Amino acid sequence: MKLNALSTATHGSRSSPVKLWKFSTSFLLAASIIVSGQSWAAETAKPATDATKAANDALLKELPFDDKTSFDLAHKGFIAPLPAEPIKGEKGNMIWDPSKYGFIKEGEAAPDTTNPSLWRQSQLINISGLFEVTDGIYQVRNYDLSNMTIVEGKDGITIFDPLISQETAKAALDLYYKHRPKKPVVAVIYTHSHVDHYGGVRGVVDEADVKAGKVKIYAPLGFLEHAVAENVMAGTAMSRRASYMYGNLLPPDAKGQLGAGLGTTTSAGTVTLIPPTDIIKETGETHVIDGLTYEFMYAPGSEAPAEMLYYIKEKKALNAAEDSTHTLHNTYSLRGAKIRDPLAWSKYLNEALKLWGDDVQVMYAMHHWPVWGNKEVREQLSLQRDMYRYINDETLRLANKGYTMTEIAEQVKLPKKIATKFSNRGYYGSLNHNVKATYVLYLGWFIGNPATLWELPPADKAKRYVEMMGGADAVLKKAKEYYDKGDFRWVAEVVNHVVFAEPNNQAAKNMQADALEQLGYQAESGPWRNFYLTGAQELRNGVQQLPTPDTASPDTVKAMDLDLFFDFLAMRLKGPDVADKHITLNLDFTDLKQKYTLEMVNGVLNHTEGMQAKNADATVTLTRETLNNVMLKQTTLKDAESSGDIKIEGDKGKLEELMSYMDNFDFWFNIVTP
């Protein structure tokens, strides 16, 4: 999965004082507002309409709900439940409390405010605790968004993907140790570069042991770069949208958050990162780790930019990372991310079949529950291989017939054999938005119709639409008729124009909220449900300026290379304000023996490595450690200069002037209103 952003989010006015460097991890930032968000959650949530009940009932007839195989698999190997006590931080802050989802009870029928297929998926996800996958392989499930896997070797244990937070990872390891021998951790494997697969590493190993060679950390090529950089440039936007995607502002109940389809939600603890010691660079690499033979398959650009699958030969066990789970995954994440390639994804699954399909006996992933049996594993890999390929090929076939993105998304239906398998349902991704993403991957956002080439911005467009439709009252009156017919998609689309034309029109916002809410109740995708219901909540209640604490991760900051850091600064430069200004600074990092020139000119900030400008306004000498301390607000530029940690020759005011031109971003920007 998916959110490891850095941002400069602030809460409050857009004109708040400049904060030099403030970073946050988007998973963590979104999760950190869970508890405070509950206090204003949707007491105005409405019941399901007859149209919604009918839509959800129809799905009960379409899918084989009498097939309980998934429940048998999810219970298989159960050893112990999660402890009843929630995980809290040192200050009493809530980090993880799966008991909030106790209302999702196995065996109970879906409430009419929930899609029955998503309800079923949430029931399965809530089957939690410590499980044996096969002899010597164990998983802790539902102690975070992802699973933590533990493999017993000759001298110790190897941990796969230590969750999001240090606290949840430690609790997962403690649970394992209560029921298994307390062998030392001798290796960690990061399957890919999303934070829910590495953020808790300091909860299971000590970095001193890594540096001493007692613990090895394996990761795919490009892991560190992508773990830090994937979402840096759009961190605040991604984080805000993540609060919608994971439903962090919603109450967990039958009219609110059910989970995310991939897991329940994200933990809100301490995100950490220890750089890998061993890099997997290509398919076919074999490593003996603690007496077991690991065969690796490099799969970049599948579910993550840096990802790998691997097979433990002695166990005949395939770790599918996040490329084959019990859901149609995202080829585009609704929080915002670069689009993933479904064709490449399909080919990786085909390669896994080629490499290990004859021998594999169990497949487990870093979300959900395992699949046992050679025939069953091959079937899941084959069907999901064909699912992603079908999305790719059918999107392009229809595009080449002249259909547009939206038209294709309405037309494409998966073959029945694929679509009726619960593991291929769109609980996290969705067929609709994955098709749209595939179109954009190949053809971009423009559909070819020149009428859509230079559209008006939403508010300007909305005012004209409302005027031409006879005014807001006329639109709302007609929209109510469509609402009563159950045409919620159209109501949401047309009333959105009224909301953007007249943002203070509460009647319009209430009708829009009602329509979005019913769409949420019908949604099979967890993120779709969360987006719809969070949008409805903010339309009714407004955007609540909740605290967004500084969740800076020292490990992430230290892992940023200077090139990325300077790009990040350049993104924050208020270009229009400095278009006619010119500043040149030389930077000398004495510990790294690296020199840079920064030049602010024409409204941009360029940096050049290995160069010192002859006529620079000033030369700044410092160490990377000092830069880290300033970034983490452990010191200030002024204090660092006073202590001699930063030396400035030339115009000492130019560095401060440059930093005064950096923008800060309000986390709580509007989404469903202008």
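The backbone N, Cα and C atoms fix where each Cβ goes, and this holds for glycine too.
Remember, predicted model here, so these are calculated numbers, not experimental data.
Taken from Swiss-Prot, the feature Zn(2+) 1 binding site applies to His192, His194, Glu303, Glu322, supported by similarity to another entry.
The annotation Zn(2+) 2 binding site is assigned in Swiss-Prot to Asp196, His197, Glu322, His367.
Cβ neighbour count for Asn330 (sulfate binding site): 27 (other Cβ atoms within 10 Å of its Cβ, all protein chains included). Annotation comment: Swiss-Prot describes Asn330, Thr331, Tyr332, Ser333, Leu334, Arg335, Arg340, Tyr428 as sulfate binding site, evidence class similarity to another entry.
Per Swiss-Prot, the feature signal peptide maps to 1-41; the stated evidence is sequence analysis.
Looking only at the binding-site residues His197, Arg335, Arg340, His367, the densest Cβ neighbourhood within 10 Å occurs at His197.
Neighbour counts of Cβ atoms within 10 Å were compared across the binding-site residues Tyr332, Tyr428; the minimum falls on Tyr332. Taking all protein chains in view, 19 other C-beta atoms sit within 10 angstroms of the C-beta of Leu334 (sulfate binding site). Taking the Cα of Asn330 (sulfate binding site) as the reference point, the closest of the binding-site residues His192, His194, Asp196, Glu303, His367 is Glu303. In this structure, the CA atom of Ser333 (sulfate binding site) is 10 Å away from the CA atom of Glu303 (Zn(2+) 1 binding site). Here His367 (Zn(2+) 2 binding site) is compared against the binding-site residues His192, Glu322, Leu334, Arg335, Arg340, and the shortest C-alpha distance is to Glu322. Reduced to three states, the DSSP call for His192 (Zn(2+) 1 binding site) is strand.
The two recorded residues Tyr428 (sulfate binding site) and Glu322 (Zn(2+) 1 binding site) have their Cα atoms spaced 12 Å from each other.
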